[in-house]
Amino acid sequence: MASKRPDIFAPPDTLERKANSLERGKGSLFRRKTLGKTLNRKNTAVSHHKKMFEKPPERPSTWVLFSWIITCCCPSPILSGCGILKNSQQAWREKIALCFIAFIMMVFTIFFLIFFSNVVCPNPDNSIPLHSFGGVVIFGKLYNAQLMNPPFNTLFEQLDSTFAGYDVSDVFQRPPIAACNKNTVAQYAFAKLLSPCEPNDCISLNNLVTQQGLRLYDTLHGSNNQTIKYNPQPSFQWDDIIKRNLVVVDSNILDFNSYLTAYPVPLANDPVDAFIRKAQTMNDATHLLSNSKTITKDLKDCLTQRYYVGVLATLPMQCILTRLFSWGVSALILTIMFSKFTMALIFSWFDSRKLAKDPAPDMIVNRYENIRAAKPLLYEEHTVMQTSITNGTQRGLAYSMKQPGSYSPAPHPADLFTVMLVTCYSEGEQSLRGTLDSLAATDYDDSKKLLFVIADGLVQGSGNPTTTPNMLISMMNHDARFGMQPQAQSYVAVATGSKQHNMAQVYCGTYDYQGRAVPMILVVKCGTPDEANGPKPGNRGKRDSQLILMNFFSRVTLNDRMTPLDYDIFRKIHHITGVTPDFYETVLMVDADTMVDKMSLRYLINALHNDHQIIGLCGETRIANKKDSWVTMIQVFEYFISHQMGKAFESLFGGVTCLPGCFCMWRIKANAKDEMIIPILGNPDIIEQYSTNEVYNLHQKNLLLLGEDRFLTTSMLKQFPNKHVVYVPQAFCKTVVPDDFKTLLSQRRRWINSTVHNLMELVMVDALCGTFCFSMQFVVLMDLLSTAVLPAGLLATYYLIFSAIFQTQYSTDNITGILTTTVMAIVIFLPAFIVLFTGKKLSYVLWMFLYLLALPIWQFVFPLYSFWNFDDFSWGETRKVSGEERTKTGHGHEDDGAFASSLVSFKRWDEYEREWRKTLGPLTVDDSKSAVSMAVSE
């Protein structure tokens, strides 16, 4: 649709002629012919979207069959006997199937980190390490001196503490060697060399073995305390060979030092003596010996047996491949971590500053730059009424007249018309007023921002003196023209059955704060008369609240048919702002317990101008009550690192996977070529998926009933994969987080389950930025896998750390274990450097240590509790309502009654306008026609 302003302000007959030129498209919307081509984008995942929530076929799918097989031991009668209702049994089966998959992944993770090396390579070369504790070498075999009877067990203690694996063969009588007694060999000096202790000072090795308990070192305890049998041949590393001046022949280690000490001068006509002296100058004499023509096989056998001290430490092929695989995985993890770290720093140092800076004049795209709110159409005077509640159960019993404030920041050329959406449920007055005050105080032209507050039902929060709508009504100054009791208007809600019909009252006026008057619309979902006496009348959930705004702007942008509620909102926005709703281009979404920084709105708008590809963005969420309890303290660093490292990294790809609903901004529409407009937040395909009220499996319910904000981001990324969703750290807000463990547990259960199921959706989107390992799709896959195995990874990390600290026996896989432990330590402590390199307060390092102390809660308790509650779709303890009973559904999704679509009428704006003007009389209609047809002066 063209963005020209007269389309909305045109007289009714013009609008009617244009309405007749609209065509009904596949997306169930009215589109202009010139717009259809713009919306028909090839690089979207719409086809997958439409399949996502389709009713499953009568034949069970592969996933359903798998869930039945996994839970075959739990037939329906047993589940019914355990209190699981029939309509919840399939969700329970799918939960068990997902938990089974997560369990298999965790088992594999623990197996790989702890047991993999020992299983694949339990005994690398059947030799025992030279430096094994308490070991001494005697005639080429390793003995365990620690096992000897006292006091002989201390005989070699000094040697062991200084030179573990020391060769003490010289103090023992050498047994005869048959290969050296042959006539062709015995004539050479090397074969006749005696031990230094001979003939009278040698110790009997046989006596020590039989009488004093000297034992061969033929067993070891592995890293898992299993007993491993070994050949008691000491294995030498190359460092030991060079240090002790030894010689390698094939895989045998020979020690010629005693021979060279006995014969310091070369012997004439002795080929073996010449070989020994030449071999001593090199560490590996294998090639020299094999090429020698003077040393026969008998000489070689005697030489090898007489001077043998051990074997060269080697690894078989399966052990080499095992280590390479382990190192490769470790390298991949480190590469991912350092890449995230480096890219997060690059974004923090450079890209974020470019986004937040004041845009250059040629970057500003503002079609309504010189337009400010005029006097409300149809009315000469704009007065407002300030109400105050005198009775907590009544609304608007007393009020007094008050003129709006006059102060407002100076207009800025980059200011876009912005809606500030605040969704409320059961918050207290202090939270509500703090949020509204912070939004009113933002450094932004008041005439170009609109407070749009939605109260989700007539709900009284636990501990509140009155309902949330009552408190909101008392905070605003009401427009005198529309009175204090607006008529409830119908709309189609996101619910099932008869709950799809809902009604809401629209209050309009201003919110006054420190001399500033910000236009304000308050939508109170009050419910139909049938539910007036029921619990939480009108409550349909946060997603329904968001869709009231999204549907409204979609219908305004595309001139689609409106509900009575839409038209009431349209008329009151027009009245209090002096401009029609099609002027508004962005929406700032804020929760009712969030306080926005004064400059945040300015920074977010700057980013939209500096990068026209951005469709969504968020700022940093900080904790307002960080010192209230230990529960709030452990959350400080988690919030910090999730933004400064997680979202900063994703921003470089232009694909932040979750814009938090407590503080984010979306474009309502974007400009295209030829003055066309592309609906963004009001995109019909987005709304079609986001407003789905029929869900058929566990995956769909976790997407729609728990993490609305994350699912909205997922839908946007899938619909607009070539657009950008970013994080602007300069903009920040403060929010109140749970201060007791029960509430935090409930909140994280919702968040983790929503994260898992949304990542499942995103990992299937091929059009995301990047390719292969350097793509957003790969990052999403890694996030999904890491979320699923968090408990196993934490247990393995603690096990490896404790093993490294307390294990006294040699570990056969210490290289792999040390590497794995090092990688885990880097993964844990690397985020601390974000604090140092981003210039944040060093106090966050202290918050990090509190976070690390609570790591078992974050990575073990929360994930396991969340996985086991995959079939719990309630908000639990997060938002408690006075007198509410907890269920596993809610927000209108438990109603099975029939919905009568005739209860909600859909008409075009011009049809509503004609009906309304007929109620005004002839003179007022003529005056209003001229007022509506005029354009607001620039």
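Positions of Cβ are set from backbone N, Cα and C atoms, glycine also.
Under the heading transmembrane segment, TrEMBL lists 63-85 (among others).
Within the chain, the transmembrane segment (97-116) has long-range Cβ neighbours (under 8 A, six or more residues past its boundaries) at 63, 66-67, 70-71, 223-224, 322, 326, 329, 698, 785, 788-789, 791-793, 795-796, 799-800, 820, 867-868, 870. Feature annotation from TrEMBL assigns transmembrane segment to 97-116 (among others).
The domain 'Chitin synthase 4-like' annotation in TrEMBL covers 236-311.
The transmembrane segment annotation in TrEMBL covers 324-347 (among others).
According to TrEMBL, the feature transmembrane segment maps to 788-806 (among others).
Residues 113, 326-327, 330, 333-334, 337-338, 341, 344-345, 348, 637, 640-641, 644-645, 793, 796-797, 800-801, 804, 844-845, 848, 852, 855 of the same chain, all 6+ positions outside the transmembrane segment (818-838), place their C-beta atoms under 8 angstroms from a C-beta of that stretch. Here TrEMBL flags 818-838 (among others) as transmembrane segment.
Sequence annotations record features per position, and here TrEMBL assigns transmembrane segment to 844-865 (among others). Under 8 Å from some Cβ of the transmembrane segment (844-865) lie the Cβ atoms of residues 626, 633-634, 636-638, 640, 745, 748-749, 752, 787, 790-791, 793-795, 828, 831-832, 835-836, all in the same chain and six or more residues away from its ends.
In the predicted model, the domain 'Chitin synthase 4-like' (236-311) shows an average pLDDT of 90. Across the range of the domain 'Chitin synthase 4-like' (236-311), the DSSP-based residue counts are 37 helix, 12 strand, 27 coil.
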